[in-house]
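> Before I ask anything, let me first share the structure, which is written out below as structure tokens.
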Amino acid sequence: MAQFDTEYQRLEASYSDSPPGEEDLLVHVAEGSKSPWHHIENLDLFFSRVYNLHQKNGFTCMLIGEIFELMQFLFVVAFTTFLVSCVDYDILFANKMVNHSLHPTEPVKVTLPDAFLPAQVCSARIQENGSLITILVIAGVFWIHRLIKFIYNICCYWEIHSFYLHALRIPMSALPYCTWQEVQARIVQTQKEHQICIHKRELTELDIYHRILRFQNYMVALVNKSLLPLRFRLPGLGEAVFFTRGLKYNFELILFWGPGSLFLNEWSLKAEYKRGGQRLELAQRLSNRILWIGIANFLLCPLILIWQILYAFFSYAEVLKREPGALGARCWSLYGRCYLRHFNELEHELQSRLNRGYKPASKYMNCFLSPLLTLLAKNGAFFAGSILAVLIALTIYDEDVLAVEHVLTTVTLLGVTVTVCRSFIPDQHMVFCPEQLLRVILAHIHYMPDHWQGNAHRSQTRDEFAQLFQYKAVFILEELLSPIVTPLILIFCLRPRALEIIDFFRNFTVEVVGVGDTCSFAQMDVRQHGHPQWLSAGQTEASVYQQAEDGKTELSLMHFAITNPGWQPPRESTAFLGFLKEQVQRDGAAASLAQGGLLPENALFTSIQSLQSESEPLSLIANVVAGSSCRGPPLPRDLQGSRHRAEVASALRSFSPLQPGQAPTGRAHSTMTGSGVDARTASSGSSVWEGQLQSLVLSEYASTEMSLHALYMHQLHKQQAQAEPERHLWHRRESDESGESAPDEGGEGARAPQSIPRSASYPCAAPRPGAPETTALHGGFQRRYGGITDPGTVPRAPSHFSRLPLGGWAEDGQSASRHPEPVPEEGSEDELPPQVHKV
């Protein structure tokens, strides 16, 4: 524990989420006028249940689904016990003859009930098996616990059912066809009538998201800052990512809601974690707790492993029989879902994005099939298919062939072999275009490391993308190994990071009026957590430690503003969005001039545009990606970025969401959700009673607008990164047992950091050519918005970039030691101000 020595920058609150004068507001309502939903104490749980009931399509569907989950667990346990103790496999495999007639020479047809043991024999065999009795007792206790929890949840969800009917005035029959934005708008309106939260007069969309996603935002931030041990370097296999549902459950149990966790309740961090005086003691306490939970996982490993195997067998056996190539399909990994998730992004919003990116991601991964593997698969399919064809022909000629021993088994195995081999044979009409596919993927998933662009054809890019988009078989294998690996990760990998986790929660927690303690990254404040290379130059005061990696703050802000057009961002965020809108207008105008004069019209590009319906917003993405490679003559690489950016900006200018009451035809004036007011605001933000069909169409336009902005912002980021004189490598310092400090970067004998490019936050320190247009962009941003401050904001001293929080940062040519100045320990706690600040 002596090596737990890190330096964290103090985080100041940047703006007030409440109107002026409401910071200490407590709304008083007369006793007789209170509604059943006045002053709900646990709004986190309440809003989460409101959201879950909406996603489960109403109370009836949720009730039936919960009942079937209970029955499913009971079925797995009972059916497994029956197979182990109540079946005579000698009769089933014809090793023992059964004769029901009086004449032994007569042939007898064996039926399935003949293989079942009598009830008395079955009961006796169960009672004689002590290990089986132990497993059944544990399973019974767990099932009773789930039953009690089910009854409690049903009572709570019945209250949510009444809230939908009477407060929101949404019948259960109409709920499956209502978008979440409609439900959320009615919740905001209900706050004015019933005062659900008494600490604020009005609720905002961000308040509701903070309540529902409080812990999820912390998890996204922990993954973004590489504090959780998810990446491992395996001998002979290289770098691998291991993140399963069981491991995630243990992380949440330790940090958020388990006994002895960091949080006092759903909305408040414990007071001792808000000060730095007891950080070492708290880290030791957290380390011990992680150790005990790891030991508990180790003791329960056999039971959990048995359950994982049985559940996987019963879940995927039928799928394999019906579709043998299903395990060759791919899915988004759990790490990928957490890495690609925006701050303040609900589960259905994330799932919608990933679903749109699934097909191009599958096509991209299919571009890298091994030629040798393809050759082996073709010949394997030929030999297995030939034998299978002969057996099928013989069966058609005489069905008695199936009565021959192992013929049916052989036919089944040969069919599976042919199906698996065909999955490794590429489509003969497939065109190898990885760069275009990667741009389409980026338009939907919104996050991508810098070094992937221009290197989409390389195997390294494919391997790194496979960590986000893995085989279904790999996903199942990781879940089966999770009971064994999880205790090892907790004990040997998570415990050394206890102090860094304690410091993270102290320094990145803010108290929002009417919401409680939230992750400061979830505020999406470009001044506190913006990155200069993501259009935040001149607006951010964050040190390199406080910056969110991969443009998470900027992209999350843009996504939330587009998804919730009625939301009014704070001043700095409004300035950021407004400046981006102006930049889009300038680049779009330049692209229009270039198309008219400098760039000749391309026939293929024109044909693609004519084939795409203008009423479909997704056609814009296809036009942008196709136009990047089809329009005009080939350009040098340094000029391709400008052309790509101009094309995306032109698409954004021509992109027009629907006006109220307008059919989805044609294009109109460009709109962008920069300040929270645009064409969609009048239809989806201000009116609660708009049509369901129009809401769905507007949602499609919003997702397409965000896809175009993701492409545009990544292109701007790429040009800004090239304009930097040098870029800095940031990596998390692994805890070592030696305790030796790293040499100064500017000192003699300094070593260059290990170059492992992974994302936008892992650039190599190398000089880059400047870009005059990006420098002008920075200067214009500083002139236009650099002087904006909030009234009442405490001025902050400039951050000292020479310090190395978490080990590994050094800027401006300054040297820094690995171990910074220590934080005062116990006894000086009164001298430290609280580390949680009201917002």
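Every residue, even glycine, has its Cβ placed from backbone N, Cα and C.
Keep in mind it's a predicted model, so treat the numbers as computed, not measured.
Per Swiss-Prot, the feature topological domain 'Cytoplasmic' maps to 2-61, 155-290, 302-319, 329-371, 425-470, 493-839. Annotation source Swiss-Prot lists N-acetylalanine at Ala2, citing similarity to another entry. Taken from Swiss-Prot, the feature phosphoserine applies to Ser14, Ser16, Ser18, Ser656, Ser735, Ser738, Ser741, Ser828, supported by similarity to another entry. The N-linked glycosylation site annotation in Swiss-Prot covers Asn99. The intramembrane segment annotation in Swiss-Prot covers 291-301, 320-328, 471-480, 484-492. Marked as compositional bias 'Acidic residues' by Swiss-Prot: 737-747, 823-832.
I'd like these features described in context: how deep, what's nearby, how far apart.
Shown for the topological domain 'Cytoplasmic' (155-290): DSSP residue counts in helix, strand and coil, namely 79 helix, 13 strand, 44 coil.
Sequence-distant neighbours of the intramembrane segment (291-301) (same chain, 6+ residues past either end, Cβ-Cβ under 8 Å): 250, 253-254, 258, 483-484, 486-488, 490-491, 495.
Each residue in the topological domain 'Cytoplasmic' (302-319) gets a DSSP state, and the totals come to 18 helix, 0 strand, 0 coil.
Secondary structure of the topological domain 'Cytoplasmic' (329-371) per DSSP, as helix, strand and coil residue counts: 27 helix, 3 strand, 13 coil.
For the intramembrane segment (471-480), the residues of the chain that approach it from at least six positions outside its boundaries are 242, 244-246, 305, 308-309, 312, 316, 326-331, 333, judged by C-beta separation under 8 angstroms.
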> Residues sitting near the topological domain 'Cytoplasmic' (329-371): Cβ under 8 Å, six or more positions beyond its termini, same chain?
51, 55, 180, 206, 209-210, 212-213, 216-217, 219-221, 223-224, 230, 241, 243-245, 248, 424-427, 430, 432-434, 437-438, 440-441, 443-447, 456, 459, 462, 465-472, 475, 519, 521-522, 524, 552-553, 555-556, 559-560, 563, 703
> In the predicted model, what is the mean pLDDT computed over the topological domain 'Cytoplasmic' (302-319)?
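Average per-residue pLDDT within the topological domain 'Cytoplasmic' (302-319): 84.
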